[in-house]
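Here is the structure we will look at.
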Protein chains: 2
Amino acid sequence: MTSRSSQPEGRSDGGHDIHGLLDRFARLGATPGGGITRLCASPADGEARDLFAALLGEAGAIVTTDGVGNQFGRFPLAGVEGAPLVMAGSHLDSQMRAGRLDGTLGVVAALEVGRTLMGRKRDGAPFDADFCAVNWTNEEGARFRPSLLGSGAYAGHHDAAFALSRRDDDGVSLGDALEAIEYRGRDAAPAVPACYLELHVEQGSVLEEEGATIGVVARNWGALKVEAVFEGEQAHTGPTRMDRRRDALLAAAHAITAARALADRWPGRLHTSVGRLLVEPNSPNVVPARVALSLEVRSADDAVLAEAGRFADALLATAAAEAGVGLTIATRSERPIRSLPQAVGDLVSFCAETSGHRTLRMDTVAGHDALSLLGRCPLGLIFVPSVGGVAHNEREATHAADLDAGRDVLLDAADRLCRAGGSPERATRSPGSAPERTERRPGSAP
Amino acid sequence: MTSRSSQPEGRSDGGHDIHGLLDRFARLGATPGGGITRLCASPADGEARDLFAALLGEAGAIVTTDGVGNQFGRFPLAGVEGAPLVMAGSHLDSQMRAGRLDGTLGVVAALEVGRTLMGRKRDGAPFDADFCAVNWTNEEGARFRPSLLGSGAYAGHHDAAFALSRRDDDGVSLGDALEAIEYRGRDAAPAVPACYLELHVEQGSVLEEEGATIGVVARNWGALKVEAVFEGEQAHTGPTRMDRRRDALLAAAHAITAARALADRWPGRLHTSVGRLLVEPNSPNVVPARVALSLEVRSADDAVLAEAGRFADALLATAAAEAGVGLTIATRSERPIRSLPQAVGDLVSFCAETSGHRTLRMDTVAGHDALSLLGRCPLGLIFVPSVGGVAHNEREATHAADLDAGRDVLLDAADRLCRAGGSPERATRSPGSAPERTERRPGSAP
């Protein structure tokens, strides 16, 4: 084995080379702009799932796929039936023209943790929990809505039938799309784990600005997500008198500008957006009859979120009234502001600080699969810095050393958990194997 | 033959039963809401073209299709090579969920005029011009842009290669779409006619409000059509700070509301609209990176149109600046305000008034294939009332008696033109055969 530790992208110490793996996954759904488009249950997603399953199998995992396409790779570390389970993962699906790290980092890192822990088991490490790497279906919500469909079904927030019946803009259901790529599984999902971990890129710029390497997520921002439909009257844009038009797109435009203005009531504390608009019939010379609009309002402050939610409801109604069109709220869902379990955060901080990484307790503004499991099991969400805070963009990037740091912290936390029956409290006090890695320095042999 | 003249929809006097034909065409691309969706070069358009060609052939026409799919049915009335040509028609393509009359009326009426004139020729009428019924390709601009592609190619405003290379939102070219329905023709188009006539529903409410049955179009409104592209930066709607977002959809929303406000500067004299918006990537949790927007500005006043055009350019730039995004003007085309030939209008008025119909000289706000031929040959555009002014809508309707009136005026004008070498001046003084029809009354035998 050649020492390549001066080139983090090519390191191959014991097999957990996440850089080479990230490169391999980045080829599946690659875009000309250097990112990926790997929509849920697309052919490219199928290829990424095939690669994940093959790598899991090579690494000694038992690979299963549940009824909504979640992929699990269980590494039998404990050597006994019914051992507690430590789970880690994220998602392989992406937005359109997205970055290569979002989701994939967490899946690849979990795979490499599993491979490494299997090696340590062969070397005699005394594990008393199994480890499971997971790829959740449709985290993004780009092709099928809502987001977090796979982890949400696993956690019992909705049933599998609901998830499978979601349709994309061409009317294809998730169930049929999974069948087409042969990932509508028949296996039972594993029981809820003793502890769940997820490594993810921050997608914001807080870590970079604070000079920290490891973000220990302590809380999630709350979110209000509204799918509104404006119903106007289809008409000719030429002869139809202006005062007789009932323009659904004009209503949507009023709503979009009002939603942006709403954010300025609480600068820095409220994020608002309209990211999606479906216009019908969408012809240059036809007054739009129907526009479906996706509005999001996010805040970390319960009072702000509640008041902003009332403003959001009102601005939609006002926009409809201004354009003289009808309004239907198709869906309105709230994700509450919640704290993540302290004990898992303490474990992650302990592992990071033991390795000399500067940590920061922080919020997640974005949703992640980990949040689906909140209240179901102890869980930890670990961030590494996003260069310039760029996310959902082909230019998304994280420095190689930060990726390594995230992978090492995930590995250390998982290792400790798998020696402590999955208990984060016990894991923080367990010996682990961190010093083995932190002694490694550029130029030294592994 | 049974007399059914008390039921205008079923009249069958001499074969020119446009109501039965309109019913037959309305079944091709029929929508559940009672309208049609017959996008250009779709399978439904192919079926409508097949029916048109078959009916032309049965009626004794020589049917040809040119390189951009325009269909011509030449009725050899004059009996000599190189006879002048009188042409009439419109288009069989439609908007999404549109009415059954828009375009189809003009095609069906031209077909029935041809059939009737052939009968009169057999009965010994002395024609000295041939008649040609035409179906122009892609009038609507719903699937392929710009609109008026077929008549524009025929009139030489752009070449066939340009028209065939236009692509729909799925990237399919007009050429390939026409091949697929077997209507990319190989025939030469007929030479520009001595006179062109088009019967169309008004699509506005002027005739209804004025109590007139036949609109004689004297002028078209000018139009400015702009395809603008806002280029922002794709980002996550969650963690991305509001002040760092460059939201292309927010720019579009500013433009849409500003365009609507612009119309209020000249109430009743300026129509503005944004009918089409393409949002990328169009995901609920992604700040839109790119929005293409179709803006239209229409007026019958040159000074208003020029000033409104400057405002339109400025509002797009302002919208881009407000959202901090880039702006590209992909296309910017102006249709000037022009008068239609007086002589053809006089002929149409003469025919209508001879039959006792109240006429109105009026504007067309919408574009029509006839306008493509302005400056190329004498032409006339004949309107019949739209119930409630409803257009580009499944509820589009015209009273049966008004449809009959339009058909009769078109027939009379075409008959006179075909006895006058295609000259509108001579045709107005020719004997024609109008009295034969105006003597017919409900309840009387044909």
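Backbone N, Cα and C define each Cβ position, glycine as well.
Around the Cβ of B:His91 (Zn(2+) 1 binding site), the same chain contributes B:Gly103, B:Thr104, B:Gly106, B:Val107, B:Asn135, B:Trp136, B:Thr137, B:Asn138, B:Glu139, B:Glu140, B:Gly150, B:Asp369, each under 8 angstroms and 6 or more positions distant in sequence. For B:His91, B:Asp102, B:His200, the entry in TrEMBL reads Zn(2+) 1 binding site.
B:His392 (Zn(2+) 2 binding site) is surrounded by 31 other CB atoms, counting those within 10 A of its CB over all protein chains shown. Here TrEMBL flags B:Asp102, B:Glu140, B:His392 as Zn(2+) 2 binding site.
Per TrEMBL, region 'Disordered' is recorded for B:420-446.
For B:436-446, the entry in TrEMBL reads compositional bias 'Basic and acidic residues'.
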Task: Rounded inter-Cα distance in Å - B:Asp102 (Zn(2+) 1 binding site), B:His392 (Zn(2+) 2 binding site) - done: 8
Task: Separation of alpha carbons, B:His392 (Zn(2+) 2 binding site) and B:His200 (Zn(2+) 1 binding site) (Å) - done: 13
Task: B:Glu140 (Zn(2+) 2 binding site) CB neighbourhood, other CB atoms within 10 A - done: 27
Task: Sorted by sequence, non-B:His91, B:Asp102, B:His200 residues with Cβ within 8 Å of centre, Zn(2+) 1 - done: B:Ser90, B:Leu101, B:Gly103, B:Thr104, B:Leu105, B:Gly106, B:Glu139, B:Val201, B:His368, B:Asp369
Open item on the list: Validating a neighbour-count step here. Other CB atoms within 10 A of the CB of B:His200 (Zn(2+) 1 binding site): how many?
Closed with: 26
Open item on the list: Run a quick check on B:His91, B:Glu140, B:His200, B:His392: which of these binding-site residues have any Cβ-Cβ distance to chain A under 8 Å?
Closed with: B:Glu140, B:His392
